[in-house]
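K.L.:
Have a look at this one.
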Amino acid sequence: MSALEKSMHLGRLPPRPPLPGSGSSQSGAKMRMGPGRKRDFSPVPWSQYFESMEDVEVENETGKDTFRVYKSGSEGPVLLLLHGGGHSALSWAVFTAAIISRVQCRIVALDLRGHGETKVKNSEDLSAETMAKDVGNVVEAMYGDLPPPIMLIGHSMGGAIAVHTASSNLVPSLLGLCMIDVVEGTAMDALNSMQNFLRGRPKTFKSLENAVEWSVKSGQIRNLESARVSMVGQVKQCEGITSPEGSKSIVEGIIEEEEEDEERSESVNKRKKEDDMETKKDHPYTWRIELAKTEKYWDGWFRGLSNLFLSCPIPKLLLLAGVDRLDKDLTIGQMQGKFQMQVLPQCGHAVHEDAPDKVAEAVATFLIRHRFAEPIGGFQCVFPGC
């Protein structure tokens, strides 16, 4: 599940065959393995799902920021995909392959600041305002003054940023908006327990395979195929194993003791450094972003989100893992027909990873219904009842 929220029939195409050793992308159900067969937790490269990768340079007052994007498709509207907190653009990998096979569209999956492979001068500024401006700046850097029709699709934190981007009119060619499993009421209720959730996660992993295995067995990502490509964007190799900078950060917590007893401190420092280095050698991977340190921005992401979403004057889609997530404002808005909603049961919070084909079908149907895109590959859509 996303670290920033409470853990929580359309027409069919034949499902794509999963990668060897992976689960079907059609469902988050447990895989039935034959006797003696083991699941393959090895990481898979982005290139198996996206056609290209690009680092987009954005000029600002302090210099240049570089935003990583992954792309697919050459015709149709652009689906600009924004991931959840702690995740990366790679969380959209399996969904990208699924949607590209259903409708004519272009995919741009963006690593938001502080996440994935994006490099910015101030990676600690994760305010909704700053990240929304980032999205507008990336669109401008990629397409200039005449951007193609764009639909914003965001999951969790990314859904909130998509709404802030849309409500601030930062994407002039915006034609649609989709939030995936993010509701103001549920998110605000969950913030109090978020630090406890983050403290309960492993701080390090022995290998990328170990990280993928944890993500699936913990239920953060219920679809092994997606976990094998997306976890690479969530973790990184530990830094400072041999560097002086790394050693400095290790001993910061015992400076006072050093002043009281220099000799004793030297011994403690040495032991602490050795223990820490051994830990990093045994567990060389850690999280790319320390989500606990972003707490001051959480309220700004989600407060007032429902009314902002409802006020956006474009076609809107809300995809949820459970109808119980709806808050009062969205319940009233849904009854008034202000947006299209679809519940995708048997999914965890990472809906687009757990059931990428179902999410692709819902998005494809939305695009066709509003005549934003043309179906391909014989895709037949059936409009949902809500």
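Glycine too: its Cβ is placed from the backbone N, Cα and C atoms.
These came from TrEMBL, pasted as-is:
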- 1-43: region 'Disordered' (REGION)
- 79-362: domain 'AB hydrolase-1' (DOMAIN)
- Ser156: active site (ACT_SITE)
- Asp181: active site (ACT_SITE)
- 254-280: region 'Disordered' (REGION)
- 254-264: compositional bias 'Acidic residues' (COMPBIAS)
- 265-280: compositional bias 'Basic and acidic residues' (COMPBIAS)
- His349: active site (ACT_SITE)
K.L.:
Work out how many Å separate Asp181 (active site) and Ser156 (active site) at their Cα atoms, rounded off.
P.N.:
6
K.L.:
Using the alpha carbons only, what distance in Å do you get between Ser156 (active site) and His349 (active site) once rounded?
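P.N.:
Distance between the two Cα atoms comes out at 8 Å.
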